[in-house]
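Everything below concerns the one structure shown next.
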Amino acid sequence: MSPYTLSMLMSSLAVGTITTLSSYHWFLAWMGLEINTLAIIPLMTKMHHPRATESATKYFLTQATASALILFSTIMNAWMTGEWTIVNMNHYTSTTILTIALAIKLGVAPFHLWLPDVLQGLNMMTCLILSTWQKLAPMALLILTSHQLNTNLLIMMALMSMVVGGWGGLNQTQMRKIMAYSSIAHLGGMAMIVPFAPNLALLNLLVYIILTSSMFMTLMALNSTSMNKLSTSWLKTPTLAAFTMIVLMALGGLPPTSGFLPKWLILQEMTKQHLNMLSVTMAMSALLSLFFYLRLSYTISMTSPPHISNSNLNWREKNNLQTIPVMIMLSMMMMPMTPALLVMN
């Protein structure tokens, strides 16, 4: 792809997200979401492979359905209340349709089936953009309208998302599908806490973006798309493989990594709201996700191929890996921020 075309598409992605984040009118927010969708589709199809075309088609159809539902719910709300502003969604049917539309946009269960298939057909950089940057605009709308959405429906979908995200990743061997189910589980945690503490959902989104970006960057550096390729990474770059295990533990939420911070605060807030059964179910579903992160760590550190690897060994590191140590340090070092975050909360 031409650098000028790539820069134009990346600028369009940024403009679409910023438009949605800065809007107070529903039509402007919808325009930002559409710009986002149309800007990433050429990035998906740049591989010229039937699987990439299939992924782009699935992504376009699901996002177009979600955008149509958002437009339908806002028009219905404007018809009933005379308001187009985002913070004034007072009609029950409109808020229910909006909750479903944002769940489709984000890939929250039971509207999650498109996400693993779409990620499997893309290259790692596009997967990184789709798993991190493309979540910003829908999550911002979810946080802005958190006090108006259908809370029972949102909690039910969030709980289902955490269970499905942990359960679906158990039997996967492709790294992109494992990261897709990891994304579904993390989004379930964000959707669960949004009605009670939107600031914790924002913190969870920040930590999720840091951890997912670190994981995709290390996978790109190791050139690993499956567990079989990941098992040879220790022979090629032992230091990066060791840091990859730390990022995996952070994604699983083990202390003292950064991934433990949002899980701890979310469970604390849920118990303050006297939602003990939901808290127990969240903790148990987090164990499902932790299992396949541990399995990946075992694959990296304690397994070796039965034959000598045919891959070329790197005599020197590539020049485009300078950002990986920074992301990995953020993945490990955010726990000391906890007292400050508790004071702000």
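We count from 1, first residue shown onward.
Glycine is treated like the rest: Cβ placed from N, Cα and C.
It should be emphasised that the depicted structure is a prediction, and the values quoted were computed from it without experimental measurement.
Taken from TrEMBL, the feature domain 'NADH:quinone oxidoreductase/Mrp antiporter transmembrane' applies to 23-288. Per TrEMBL, the feature transmembrane segment maps to 26-47, 59-80, 92-115, 153-171, 203-222, 234-254, 274-294, 324-344. Sequence annotations record features per position, and here TrEMBL assigns domain 'NADH dehydrogenase subunit 2 C-terminal' to 290-341.
For the transmembrane segment (26-47), the residues of the chain that approach it from at least six positions outside its boundaries are 1, 5-6, 9-10, 12-13, 15-20, 53, 55-56, 59-60, 63-64, 67, 70-71, 74, 77-78, 84-86, 105, 118, 121-123, 126, 129-130, 134, 137-138, 141, judged by C-beta separation under 8 angstroms.
Per-residue confidence over the domain 'NADH dehydrogenase subunit 2 C-terminal' (290-341) averages 68 (mean pLDDT, predicted model).
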